[in-house]
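Trainee: What follows is a single structure, and I will ask about it in a moment.
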């Protein structure tokens, strides 16, 4: 057997059994070159890649950033700016949905139907029908008030139950909940944002009834000074401000129900179930409030002061009802907000 011969080019010993060193292969002429997966640059330094395109590794296959180009900005990881951005995005998403506009349109139909019915029939009998109904023919501004009396017990809770019940469960059913929770401390922040969006819808729903009622009343009936429940008179401008304050009262009245809906939405991945449960709870609370046998429970029901907004049509307005109602709704927000946070922060988010 012949002894190994030195290789003058590489300064190493080769024989028939040994191959090129790891990471290098020999071509047909016996000259070693970088193996697939690494290529040599102009300075002779090997780098990932392949001179002939074969055997590209994962790093070489990724797109490269041009020299001198700035790194793309990172998304906001929490903080006020990130929260406001998320809130704006959620509000825009809410009002881009056809479902939202369909519900607001259905609420707008309530004052329109009331006004048309009174106009066609020639007036309402005194003492019959909802409150303020018999005053519409004398002043069209009362269309909005009458519509609120009709919408508050049932129609407003139905629409708000849809928005609040869909807040978390809807994202889970669509598989987008995990995406929303990417940012640090995302769960509590997302809950707060979702609740604020539900509160925005509460305001939009109440104002829709008041504004559409005032407009249709203006179109079909005479408009003049508003007679208060105390017998005084308000100018048209003052009357409109009082009606807007009543819309704010109804908005506050729905905040407790929104908190209940948010909590129920964290309990399931089926949004229809949370929506239905929220609406049923609103109806059940009103039924309990109408039973004299449960009189001890009435002050604790979130529906107890829903229809007390008429106190704002007195001279001067009685703000005690507004304050008591706000305090009651705040208590429900705290209790069910805490329950929602406890449930959501310990929940395994799988979708």
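Placed from the backbone N, Cα and C atoms, the Cβ positions cover glycine too.
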Trainee: Could you check which of 172-191, 272-291 is flagged in TrEMBL as transmembrane segment?
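Mentor: The listed stretch tagged transmembrane segment in TrEMBL is 272-291.
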Trainee: Could you pull out which residues elsewhere in the chain have a CB under 8 Å from any CB of the transmembrane segment (322-342), counting only those six or more residues past its ends?
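Mentor: Residues 187-188, 191, 195, 249, 252-253, 255-257, 259-260, 262-263, 265-266, 302, 304-306, 308-309, 311-312.
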Trainee: May I ask which of the stretches 101-121, 241-265, 272-291 has the most CB pairs under 8 A with the transmembrane segment (195-221)?
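Mentor: Of the candidates 101-121, 241-265, 272-291, 241-265 scores highest.
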Trainee: What same-chain residues lie close to the transmembrane segment (272-291): Cβ under 8 Å, and 6 or more beyond its ends?
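Mentor: Contacts of the transmembrane segment (272-291) (Cβ under 8 Å, skipping residues fewer than 6 from its ends): 153-154, 157-158, 160-162, 164-166, 169, 257, 260-261, 264-265, 297-298, 301-304, 306.
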Trainee: Same chain, outside the transmembrane segment (101-121) by at least 6, Cβ under 8 Å from its Cβ: which residues?
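Mentor: For the transmembrane segment (101-121), the list is 95, 133, 136-137, 140, 143-144, 146-147, 150-151, 155-156, 159, 162, 204-205, 208-209, 212-213, 216-217, 220-221.
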